[in-house]
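**Q** Can you keep this structure in mind? I'll have questions shortly.
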Amino acid sequence: MAALMGSLVPELQRLLEKDPYLAPFEQDFQRRYGIFHHILKSVEESEGGLDKFTKSYLTFGVNRFVDGGIYCKEWAPGAEAVFLTGDFNNWNPFSHPYKKMDFGKWELFIPPGPDGFSPVSHGSKLKVVIRTRSGEVLYRISPWARYVAREGTNVNYDWIFWDPPNPYRRRHPVPKKPKSLRIYESHVGIASPEGKIASYKNFTHNVLPKVKDLGYNCIQLMAVMEHAYYASFGYQITSFFAASSRYGPPDDLKELIDVAHSMGITVLLDVVHSHASKNSEDGLNNFDGTDNAFFHSGTRGVHALWDSRLFDYANWEVLRFLLSNLRWWIEEYAFDGFRFDGVSSMLYHHHGIGEGFSGDYNEYFGMHVDEDALAYLVMANYMIHFLHPECITVAEDVSGMPALCCPVKEGGCGFDYRLAMAVPDKWIQIIKELKDEDWDMGNIVFTLTNRRYGEKYIAYAESHDQALVGDKTLAFRLMDAEMYNYMSVLTPLTPIIDRGIQIHKMIRLITHALGGEGYLNFMGNEFGHPEWLDFPRKGNNESYHYARRQFHLADDQLLRYRFLNDFDRDMNKLEEIFGWLSSPPAYISEKHESNKVIAFERANLLFIFNFHPSKSYADYRVGTEKPGKFKIVLDSDAPEYGGHNRLDHNTEFFTQNYSHNNRPNSLLQPRSLNESDGQPRGQLHTYFLEVSSV
């Protein structure tokens, strides 16, 4: 097969030049590309092209024609008969039968009424009725349903035909793709200090202005795709084309995205195509009475840890469904791209369960790789970037699959970014297991810079994963119970609170500046949100106490949370000016173990970190590439960030023609204002801007 393909991948040699260790796996890349190419060619030949194929939501499900007539189409290969019922026919289950088509498809046309009005009105309830081959009658929600809602105390969701007479019209242009991606990971439902499910409207009016003020240029919305179980954090999807109704109607989400665009904020959807909920009454599972319509049958179709269904990515109609789903969120709601959840689970037949992923390249090639799922991801990225070049895709992959973020034409998967998932794990491990004096500077630098050449990474110190019940945020790990009593400026600054505030800032800055080509923060963590996240469930008496974000803590001038909030804001805004995330990787000139000092240059800035728990340094020499005059532009020890004000910000520093640490020039860091005060950390956490040459 590989011999027949020849040089099928157009620019494979470019990939192999970047990473010669991939050369033994050239045939694997050829084969994988061949699968993708075959799918793409088949779409062009059999489906009228990629554009038509990926807009199948215009014909599948229930759609209104211009003349008011209703056209319905479903894929139910295991059904003996299919019907449509609902308010429109007084719930007569068999009065409107579908016509059987080829390949397991069924269609129904309901003509308009004599007055030209649609026979199915906006807001009316519907069900697809499936008669199975065994004679069982099932009531189902269409997989293509665009709006579902749960009424009152009902357990299951209802399918509601959504066709408003005056749908939302966008008012603002889509912002350009940001060069430096600063992501504010968000969950609409918890985006309020109140103990309830917050709304799209609340996020639009109360959270978006905060995001803008903090200097983030992108929000990543979690838990938008409809999920029956709120406590799943949005990762057990039941209706893939429906925006969650628990936060409000679809138009409110469209307004949220439109207003974000007016602020220059890009909006990504946390898309879950790695698995689906096991629900059958209001989900995809057993839609046509069989277990293999959308999913693999038997044990292969069930995720052992997540207790959810696994898609059959080799199935043509599954490809139609998932690719159209991506297109729907882009074109109907104006999302600017996606963060693909659970990519590691998709890539391997073992789903990453029990795998350590040592980095041996044999782990990424062979029979254990699900190349059908890989081909789907390549198709998804190809489609998104071909039809919407401005869109952004991010992969959540813990395995380290090579070429995940390389172009499709090079044999890559086509993602724009991948999450640097080793970074938060490293910070947790350091804080949990090591004394301050045992922090390994070389290991910190290695973890932050250990990424594949030519692939862009989103760095983060913590995400929603670390905030969930059973885990702890960085702030809570650092300060724990003392956050309850000593975060007021009217109370004594205890050593634990002082240490926690200083380390929190330093971890986030060094991750931001050194860890990748993008940065992510989970909402509330910018100001050290206390405690953890826990959604209402039986185990906590359905409480919303921990399913909220207490933004008011950062607004209170008498609380120390504002120091962390303001530092996060100024860190982002400085990146906006100098663009280190879109600059080449940093040059690290120093990682001194005994001094606990890390120094590096990136984007015309010199970053210096002192992680020593007790020592300040005076006249500390640091190497630099360019000669010139430097001044302090951000200092974690500044009083406005809860620091001890030990550096004179009015001082200008001139380089000397004196090589140091393999840099041709060097300068002496500023003398501490109080060199022997013994305060913990942050003494030398500064960086400098070169403003002129000398």
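Any Cβ shown, glycine's included, is placed from N, Cα and C.
Pasting the feature list from TrEMBL:
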| type | residues | note |
| --- | --- | --- |
| ACT_SITE | Asp341 | active site, nucleophile |
| ACT_SITE | Glu396 | active site, proton donor |
| DOMAIN | 194-552 | domain 'Glycosyl hydrolase family 13 catalytic' |
**Q** So for the residue listed as 'active site, proton donor', how many other CB atoms are inside 10 Å of its CB?
**A** 19
**Q** What residues, ordered by sequence, lie under 8 A Cβ-to-Cβ from Asp341 (active site, nucleophile) and sit at least six positions away in the same chain?
**A** Tyr235, Asp270, Val271, Val272, His273, Ser274, Glu396
**Q** On the 0 to 100 scale, where does the mean pLDDT of the domain 'Glycosyl hydrolase family 13 catalytic' (194-552) fall?
**A** 96
